[in-house]
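Q: Have a look at this one.
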């Protein structure tokens, strides 16, 4: 018999609260952090600082409540909601503005959650976990509406197509990349890369899927031909993160070789597709899957680092424009707000930071 968590029908919010919503600790503002152990004068210094660039409640917000390492975090397409998850198998939903209150905690995975993605309409959240499954969550109801099973080992990564049919792709330690249509049961395509897959990303039109793994290369899989049509070589260690540029012409990759690379994936690009190599961040013995992301206008890119800093580069100059402190553990994922100059970071120190930057 199907459980309530697997029922694809939406539930009223009141009913979902009794099923899966658990309160978390309230977020703190940067002002409160400074006041702790200090004086009221310290708090006034915050308000007298540089002019504000965003609608955040304070220039820096610290969100607390996770009890385990946080591996992933994403803003919703509207920028009003933030989702975070990690080792403790729970997904935390937060408001981005005002006091950054915790809206809900979604439960159901049996293993650590390794990546999160919102669908383009912002109504559904997709998660990939070490319990060999991916899941779709209805955010309005706070319930899991679909569970994707089929991988034989843990799922490291998931992505959602930007347009067209409601397709998802997943990459797993079993060496396969699987395509899923949320309207049907089971996967629709499966590609065997031959090695553990640690990151996946759709191309702009959804006809290609890019995968990176422990063989240090990036492969492009053509859904129409059901074959690998391109291989990007350059990293000298595992590829831990992939992100498609806002215009769909470039692919950003992060590797355990401590390099961030920008690739030209246009159809008639030169054979040497690696355009830029960015450096400064670090990977460590922890071998966490450090993700990467583009700013919505494509001018900057960001990724986490094992040295506890958040790195932001200017794409044109290839220079580090921000090296942001605050975390006391590895920064596992960073993400730009879709509409405002705000950057989010999550880390192994169980903390979530929101901070405003220059436009």
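One is the number of the first residue shown, and numbering goes on along the chain from there.
Glycine too: its Cβ is placed from the backbone N, Cα and C atoms.
On a predicted model such as this, the values are computed, not experimentally measured, just so you know.
Found this in TrEMBL, in case it helps:
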REPEAT    63-96  repeat 'WD'
REPEAT    106-147  repeat 'WD'
REPEAT    148-181  repeat 'WD'
REPEAT    195-231  repeat 'WD'
REPEAT    232-266  repeat 'WD'
REPEAT    293-323  repeat 'WD'
REPEAT    324-359  repeat 'WD'
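Could you give the neighbours, burial and distances for every feature on this list?
A: Outside the repeat 'WD' (63-96) by six or more residues, the chain places 22, 24-28, 56, 102-107, 109-118, 120-122, 125, 127, 129, 137, 139, 288-289, 291, 329, 332-333, 335-340, 342, 344-354 with a CB less than 8 A from a CB of the stretch.
When the repeat 'WD' (106-147) is classified with DSSP, helix, strand and coil residues number 0 helix, 25 strand, 17 coil.
Across the repeat 'WD' (148-181), the model assigns an average pLDDT of 95.
For the repeat 'WD' (195-231), same-chain residues at least 6 beyond its ends with a Cβ under 8 Å from one of its own Cβ atoms are 153, 156-165, 167, 169-177, 179, 189, 237-244, 247-249, 251, 253, 255, 257, 263, 265, 289, 291.
Counting residue by residue with DSSP, the repeat 'WD' (232-266) contains 0 helix, 19 strand, 16 coil.
Listed by sequence, the residues of this chain that lie at least six past the ends of the repeat 'WD' (293-323) yet keep a Cβ under 8 A from its Cβ atoms are 241, 243-247, 250, 252, 254, 260, 262, 276-278, 280-284, 286, 329-336, 338-339, 343, 345, 347, 349, 353, 357.
Listed as Cβ neighbours of the repeat 'WD' (324-359) (distance under 8 Å, sequence separation of 6 or more from its ends, same chain) are residues 52-56, 59-64, 66-79, 82, 84, 86, 94, 96, 100, 284, 286, 288-296, 300, 302-306, 308-312.
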Q: Using a Cβ-Cβ cut-off of under 8 Å, list the residues of the same chain that are 6+ residues beyond the ends of the repeat 'WD' (232-266) and lie near it.
A: 157, 162, 198-205, 210-214, 216-220, 273-279, 281-283, 287-294, 296-298, 301, 303, 313, 315
